[in-house]
Amino acid sequence: MGWLPLLLLLIWFSGAPGQRSPLNDFQVLRGTELQHLLHSVGPGPWQEDVANAEECAGLCGPLLDCRAFHYNLSSHGCQLLPWTQHSPHTRLQRSGRCDLFQKKNYVRTCIVDNGVEYRGTVAITVGGLPCQRWSHRFPNDHKFTPTLRNGLEENFCRNPDRDPGGPWCYTTDPAVRFQSCGIKSCREATCLWCNGEDYRGSVDSTESGRECQRWDLQHPHPHPFEPGFWTKIWTTTIAGIRTARSGPGAIPPTRRWRESSATYPAAVQRSEAQPSQEATTLNCFRGKGEGYRGTVNTTAAGVPCQRWDAQLPHQHRFAPEKYACKDLRENFCRNPDGSEAPWCFTSRPGMRMAFCYQIRRCTDDVRPEDCYHGAGELYRGSVSKTRKGIRCQNWSAETPHKPQFKHTSAPHTPLEENFCRNPDGDSHGPWCYTTDPGTPFDYCALRRCDDDQQPSILETAHQVLFDKCGKRVTRVDPLHSKLRVVGGQPGNSPWTVSLRNRQGQHFCGGSLVKEQWVLTARQCFSSCHMSLVGYEVWLGTLFQDPQPGEPDLQHIPMAKMVCGPSGSQLVLLKLERPVILNQRVALICLPPERYVVPPGTRCEIAGWGETKGTGDDTVLNIALLSVISNQECNVKHRGRVRESEMCTAGLLAPVGACEGDYGGPLACFTHDCWVLQGIIIPNRVCARPRWPAVFMRVSVFVDWIHKVMRLG
């Protein structure tokens, strides 16, 4: 073979499309359904047993009358849709069962190349003139006939003649026949700042023109980045390129994955000015903590952090001079790459990195607009929005939530308009039904008045009786257990559940308090409104990585998340369906309201988290701890422990909860039943010898738990 045919063959291969996925033409909204409000118009039927979303995209892609589809991750169902979110009479709604995929050309607000494939809904020219409908010949006659293929719908801007200036339209002004619509190129519509970690634009090709691989696919290039978990701009392309993690770009596949500078950057315009960023914080972190600028310099396990300007014991790419916008000073915890929380490389050679979960989360509540006394039962103000800023539903309304409290059912509390009230004496203050279909009720943008003295709950414990909860076949004998979670031993805790992300990886613990409800820690989730599609609860196994076919294993999708009252650090998870109770899966009892566990009570913690080398973290570990009073606990913690928290004694040996255990139970044995008295939350240092551990006190929030489960 001569050199010319060989050269042509190489050129042909270099321009080959590669393993292109049909999903590349779609944009996804996780945990979302698209509803059409007109009953006369219906979607396509559900097609079951579709292998995955790619197969569904392959069905929808070639069809001119298919513009989107729903994909049910649990049932592998696929439903084709003839409309998008920009179509008239449609509404997006949060969903716990499916994702919405829409063709990019129909939902982009910018154009690719000259915009021939643009199918958006802009209908006004750059000069502000309304567009003429393509089906009309007046005031400007033309030769174009609308079809499904050319997309000449209504009076939307289009580019049927491939004009280099982009989409245009005939105008309704007889004096101006046609005009450009001035729709920006996707390369210019959104620019990037710093290293592009906050970029959320629509560019899906590299600077050299190669198309990017989808983040939710693992082919042709496998990668560790989970959509919604790692929200990055890094471009993984399909044309023989791997990703590079220093700004948007990619590196050739002949080089192994490594942290290096980009050689094929994404086609995005860089900005010299910093965009409006989330405010920096010093003592807490918001979201994923990218704006945290405090001075914590140890991990949640108490391991000192490695300096960012050092390459020992761990080599890395985060040189402070390359990431000046990330404030990588000394060895302070930071989040330069958009992980789920601030983190650092550790000073231990055997532990590369760890999260700094001991840094508390900032509250995301809106500013209170008024105050109340006591529990707010006598509050008669006019505040009508929740602590998250959601408008309250009128008490007389039947939608979106059917109220249990009306004028007739609460004669002593005037339920006027949509004002915040407390008709049921909720101990956490005035509340309301909300106008958000996914949030039945929430507490209001109110605070306790400064001159109001909250009654103490630290009083004598009263009698507790339980029936069918908190039972297990075998339990650790508190008298004969050997303290070896850190310092724990393998054991059975049938109400302890494992929370799993989309990849099936354990990330937190939880407690089964009802057949369809799990209580866990707020620290386990980046937001109270994040999509739970693909997230599951695993029950009925002692193993962090159970074998396929394990008979008692149950894995149930999470359907809904409800964040607890302000300051609670709690989250209730509603499951897609009830669990099946058996010897391996049992409910744990909830304590009476405001119950205080007597000092000296023996309790246990359970989890699959970090053991710091003291045990087997592949199985469920249990450790025994003894409750101490808040007064004794505050001697060590310098008065920082609140009444809504409780403590266990520090032991000589390192015994306690660490990363991966958060959200799990502190269960105390009372009257022959195990009772959920505390929830594991990050402490300043986990399992520190002679140092009391702090837990959220469940009894303070048990009325909220019952209320959420009752209202669904």
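Quick reminder: no glycine exception, Cβ is built from N, Cα and C everywhere.
Source: prediction; values computed, not measured.
What Swiss-Prot lists as disulfide bond is C56-C78 (among others), and the listing cites similarity to another entry. Long-range Cβ neighbours of C56 (disulfide bond) (same chain, at least 6 residues apart, Cβ-Cβ under 8 Å): Q47, V50, F69, Y71, C78, L80, F101.
Around the Cβ of C66 (disulfide bond), 17 further Cβ atoms fall within 10 Å across all displayed protein chains. The disulfide bond annotation in Swiss-Prot covers C60-C66 (among others).
The Cβ of C186 (disulfide bond) lies under 8 Å from the Cβ of R108, C110, I111, V112, G201, S202, V203, each of which sits 6+ residues away along the same chain. The DSSP secondary structure for C186 (disulfide bond) is helix. Swiss-Prot lists C110-C186 (among others) with the feature disulfide bond.
The Cβ of C169 (disulfide bond) has A123, T125, C131, Q132, W134, N155, F156, C157, R158, F178, Q179, C181 as same-chain neighbours under 8 Å, each 6 or more residues away in sequence. C169 (disulfide bond) falls within a strand segment according to DSSP. Positions annotated as disulfide bond by Swiss-Prot, on the basis of similarity to another entry: C131-C169 (among others).
Sequence annotations record features per position, and here Swiss-Prot assigns disulfide bond to C284-C362 (among others). Cβ neighbours within 10 Å of C284 (disulfide bond), excluding its own Cβ and spanning all shown chains: 13.
DSSP gives C305 (disulfide bond) a strand state. Within its own chain, C305 (disulfide bond) has N297, T298, T299, N331, F332, C333, C344, F345, T346, S347, C356 as residues 6 or more apart in sequence whose C-beta sits under 8 angstroms from its own. Sequence annotations record features per position, and here Swiss-Prot assigns disulfide bond to C305-C344 (among others) based on similarity to another entry.
Following the DSSP three-state reduction, the secondary structure of C356 (disulfide bond) is coil. Residues or ranges marked as disulfide bond by Swiss-Prot: C333-C356 (among others).
According to Swiss-Prot, the feature disulfide bond maps to C392-C432 (among others). All protein chains considered, the CB of C432 (disulfide bond) has 27 other CB atoms within 10 Å.
Taken from Swiss-Prot, the feature disulfide bond covers C508-C524 (among others), and the record attributes it to similarity to another entry. In the three-state DSSP classification, C508 (disulfide bond) falls within a strand.
Applying an 8 A CB threshold to same-chain residues 6+ apart, the list for C603 (disulfide bond) reads V597, L624, L625, S626, V627, T648, L666, A667, C668, F669, Q677, G678. Annotation comment: Swiss-Prot describes C603-C668 (among others) as disulfide bond.
According to its DSSP assignment, C647 (disulfide bond) is in a strand. Per Swiss-Prot, disulfide bond is recorded for C633-C647 (among others), and the stated evidence type is similarity to another entry.
Feature annotation from Swiss-Prot assigns disulfide bond to C658-C686 (among others).
The domain 'Kringle 1' annotation in Swiss-Prot covers 109-186. The domain 'Kringle 1' (109-186) scores a mean pLDDT of 95 in the predicted structure.
As annotated by Swiss-Prot, domain 'Kringle 4' applies to 370-449.
The N-linked glycosylation site annotation in Swiss-Prot covers N72 (among others), and the record cites sequence analysis as its basis. Same-chain residues at least 6 positions away in sequence with a Cβ under 8 Å from that of N72 (N-linked glycosylation site) are, in sequence order, W46, C78, Q79, R97, C98.
As annotated by Swiss-Prot, N-linked glycosylation site applies to N297 (among others), with the evidence given as sequence analysis. Counting every protein chain shown, the Cβ of N297 (N-linked glycosylation site) has 17 other Cβ atoms within 10 Å.
When the CA atoms are compared, the disulfide-bonded residues lying within 10 A of N394 (N-linked glycosylation site) are C432, out of the candidates C60, C432, C633. Using CA atoms as reference points, the disulfide-bonded residues C60, C66, C284, C432, C524 were checked against C633 (disulfide bond), and the closest is C284. When the Cα atoms are compared, C647 (disulfide bond) and C284 (disulfide bond) turn out to be 22 Å apart. Each residue contributes its Cα atom, and for C524 (disulfide bond) and C60 (disulfide bond) those atoms are 36 Å apart. Geometry remark: C432 (disulfide bond) versus C362 (disulfide bond), CA distance 24 Å. For the domain 'Kringle 4' (370-449), DSSP puts the residue distribution at 0 helix, 19 strand, 61 coil.
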